[in-house]
């Protein structure tokens, strides 16, 4: 990926192997700007905001119209490099910006004041938890209404416009309320640059009467739009590396594990460089799947405690030293706090901090700098990988199906595996798809995304829309449960309207299976829909869309053949009917452990 984010071609997927990363050095040396003065009709606040989005690589903005943002939408549409994608609701627009940011490095959505802002808030919270830079733009009240004690529509009926702002303060790293033209340029640029620098969402409210008004500050770019690089404290870096070298070089069978914060640290390449040089067995945490190439010669799989891929946990947990780069140890990733790890054996590398064993801890040390420097100092030690290779027994294939036997989920994913290539990407919805997709072996270049920290059911529909819009040359394969699909199904229509060619496997097992395995009850049973008929109705003969139901392996094989053959340029919706109790063994184990963690009695007072 070029250092100038604005040089991204919307028709191309990012070339940087740091999936969804911004430039590898974390610096936008000068985001593309133009010295050509604009005529007064174009030098408006709305066009300035639109140009800034294009300059940072956003060529698609996901929106829902409302009376406070309509004029702003006019000016976004007028920008030649910007495409407005209208979504069915604000929640999906936010999820789409999330998926787009994962593929492109930054995303944007536009909604209306409060009634739209509070609807998109859940998606922005998820993006915040996953360290994704999203520019969330809200069409705000008329500038003349501020300070007048008036009551406006789309509010809770109080003469106070700050409710939406206060909500966004908890899930964004910067908030800009643009209600005059004099400081609009500065506020917008500060918000966007802060999103890129912090890799978090930001909130920009633009008064509804301002987007069409020209102002001299919008006629040209008076200040280059640039970000200062983050730098390590050199002395701290040297001491941290020296301590890590002594810690790891005396270990007999050290391992290394990649975590989800590799993305925000822009350290994926550095992590692989370290793996190349040190020879350690290499694993990833579940939410880091797709950030590290799985064809690496020392890759041993996903480390997820008791539900790890085969033999991975045994190697990691029996190691006498482990380096975790960018981990998040929450109750989900730790399988109900059941990981068999010891702090005194661990080096924990966060985006700007390194902790060795029980101490010391070194701040102002960037992960990328630390890993690159460490790779030049470590002895090569392949003991842990050799142990893995020695004990590994290849996974067996699912039992062969009898003719027309009811389809099993493990058979479904055996066929999904065969579909993967460097031209595909996998989106896994919250639920059993987490566990089944974790077992997929990703070929080089194959994208992979899921939302583990926030775990919002329904996320994948909007995220699939956004991801596919960001990298149109990849074919997205989305695995979505029926319960999750019911939350956000509407924006299948937006996928069709945008001409996307995604393949959606709708896994219909009659309920919230992941919740069943944590704690069952009648609330986990949902009304069954005729999902293919629903998508046919949404399709309504406009655009390219093909649907089918499959009940057995023979029908699945035929459906995949059609989806990858005659219908390769269509959105393909394959409803897979399976038994309600057909789950992965990993979900059964994980669910029982998370349930135990959730049901711990109160400590005695």
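Heads up, the Cβ atoms here are built off N, Cα and C, so glycines get one too.
Keep in mind the model is a prediction, meaning the values are calculated, not measured.
Taken from TrEMBL, the feature Mg(2+) binding site covers 482, 509, 511. Annotated domain 'Thiamine pyrophosphate enzyme N-terminal TPP-binding' per TrEMBL: 44-149, in sequence order. What TrEMBL records for 241-359 is domain 'Thiamine pyrophosphate enzyme central'. Under the heading domain 'Thiamine pyrophosphate enzyme TPP-binding', TrEMBL lists 451-576.
For residue 482 (Mg(2+) binding site), the Cβ neighbour count at a 10 Å cut-off comes to 25, with all displayed protein chains included.
For the domain 'Thiamine pyrophosphate enzyme N-terminal TPP-binding' (44-149), the number of residues in each DSSP class (helix H, G, I; strand E, B; coil) is 50 helix, 22 strand, 34 coil.
Averaged over the domain 'Thiamine pyrophosphate enzyme N-terminal TPP-binding' (44-149), the predicted model has a pLDDT of 96.
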